[in-house]
Structures are given as C-alpha cells and as structure tokens.
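The next block holds one structure in the form of structure tokens; read it before the comments.
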Amino acid sequence: EAGEECDCGSPENPCCDAATCKLRPGAQCAEGLCCDQCKFMKEGTVCRARGDDVNDYCNGISAGCPRNPFH
C-alpha cells in the first residue's frame, strides 16, 4: 500500500516494523526470493532453479527474483 516499505504482518518480523510498515534500521528488504536476513542476496545467487532451462539469478539490488531474459 502507499507509504509502506514492507508488509505489516507479524510483529516478530525482524526486518519490518509492524507498527509503521517501514523497514527496520539497517534492513534492505523484508521478504522476497532474493532477501535473506533483511539483506539483498549477492548478485549471481540462484533464486529460481529451472532444471534443464536457464536459472534465474538475484541482481544484488532488489529482493525480487528477476526473470532471466533468455527464457
């Protein structure tokens, strides 16, 4: 929703302040295939294995798993 940086779900989420829906200090992300312990995963980390096809990889600058353009 507008103004939210993360999903205000559980107060136990270590990355997101449930009261403000903002990322906690030092957190880059709160969820996503390329988010691990509140940080973006390193560029080149496989986020979606495709078996016989080309895998999808984290880009190091977002929590989402970008689709490989070669699919």
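Placement of Cβ uses the backbone N, Cα and C atoms for every residue, glycine included.
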Disulfide-bonded cysteine for C65 as listed in Swiss-Prot, from C38, C47: C47
C29 (disulfide bond) versus disulfide-bonded residues C6, C8, C38 - nearest by Cα: C38
Number of Cβ atoms other than its own within 10 Å, given for C47 (disulfide bond): 18
